[in-house]
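To keep things clear, I will list the structure first and then write my remarks on it.
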Amino acid sequence: MMRAPRLLQSVFSAIGDLYLYKLSEVLFGDSVAKWTLFSQLFNWFMFYCFSRTLSNSLETVLTLVSLYFWPCMRSSSNYSFVSRKWGLVMAAVACAIRPTSAITWLYVGLLELLKARDRFKFIFLEVAPIGILVLGLTCLLDRFMYGTWVLVPLNFLKFNFLSSGGDYYGTHKWHWYFTQGFTVMVLSYLPFCIAGIIYSKQWKFSGLLAWVLGFYSLLGHKEFRFVLPVLPIALMFSGYSLAAIEDPGSARYKGKESSKSHTRCPGKMKIAILFLLATNIPMALYMSLVHQRGPEDVMNHLAREALHGKVRSILFLTPCHATPYYSMLHHDLPMQFLDCTPSEEKGVPDDSDRFLMDPVSFVSEYAKNVSMASHIVLFDSEEQKLKNLLISFDYMEGRRFFNAHFKVDRDLQASVVVYVRRR
């Protein structure tokens, strides 16, 4: 049960890799497709994020599949009206999963509308029926799950765009994606990506890249994963540059008449490959296996303890969403975590904020109103302030798990600690 969702997402990720290869092959040929796949597989952020069970990961897969089928994103020789419906279906499902995916499809849809011969057919016989069908099915699913009629995309729009609710979780400067976020995701592929954009002259895809990054830059709350769907496009341009280094005389890259003999640069190619591998593999392994691994380790530990009947209840004194929950425990145990539901009134702190501001007072007040759990999970940065209080409540340290070598957005959370109540 713990591994099945990850295995399923890995299958989805493989489908995304396949369609990125096919899209690159349609646009540039076999050589570029090969090096695009290389870039995709060895980019540290794709390795780290693509197989995680995030809605953004599935959105990225659906985006790649859909882009392959959209006629306007291909050359005129491969233009087909048959494939457009499949592209619309995949785009609609992507929007159902992540409403912000509409940012991508607004750009692509306008391109298709400008290029379409029969615009009436495109809007009223393809876009409208498919959109209504997918929206209707998602509304029925939400009705079944919530027990009441809920229009999730509308709520999403109201919270994230109209009321800037996402800002509650932190904001960045407008240029963050360009100067830090996306450049870190691309990392050492960046010079190859820029060269590919310039020399490939595939302005539709480079325009899509700029459009998505620019639109997301207008939003206050920014995260790396939000722009994951366009990372493969940047890596496709990197694949173009690598293919050009491997075979600089090819007509596929220069747009000139093909020559009978091609000058190859094995030396430059080896240096480029070694450079990319040396900068991405260590980063991928460190971020996937070492950095912030504490929450998973602690949940694996608690799951084993629960299996042997040693856990009665758990209290998580951690920032919001810091650890997995029942997805890794799979035992019918009462668990509590600090609430971080955004308040309708600005400036009102939630449980998580109040705990971080004054951990001792918060836990003392909490103990008066609620019976304390058999196990408490917290980071060492808060443990230092709460240790004496927990001992006074008859807790002792049970296990300590490594978490991180350096801080990210809070104080250094070097380890995750489990405290166990003696009685």
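Using N, Cα and C of the backbone, Cβ positions are placed for all residues, glycine too.
TrEMBL: automatically predicted annotations, no manual curation.
Here TrEMBL flags 44-70 (among others) as transmembrane segment.
Here the transmembrane segment (86-108) has long-range neighbours at 55-56, 58-59, 62-63, 65-73, 126-127, 130-131, 133-135, 137-138, 152-153, 156-157, 160, 207-208, 211-212, 215-216, 226, 229-230, meaning same-chain residues at least 6 beyond its ends whose C-beta is under 8 angstroms from one of its own. The transmembrane segment annotation in TrEMBL covers 86-108 (among others).
The feature transmembrane segment is assigned by TrEMBL to 120-137 (among others).
For 174-198 (among others), the entry in TrEMBL reads transmembrane segment. Long-range contacts of the transmembrane segment (174-198) within the same chain, counting only residues at least 6 positions beyond its ends with a Cβ under 8 Å from a Cβ of the stretch, are 39, 43-45, 206, 209, 213, 216-218, 222-224, 227-228, 231, 234-242, 244, 272, 275-276, 279-280, 283.
TrEMBL lists 226-245 (among others) with the feature transmembrane segment.
Long-range contacts of the transmembrane segment (271-289) within the same chain, counting only residues at least 6 positions beyond its ends with a Cβ under 8 Å from a Cβ of the stretch, are 39, 42-44, 47-48, 187-189, 192, 242, 245. Residues or ranges marked as transmembrane segment by TrEMBL: 271-289 (among others).
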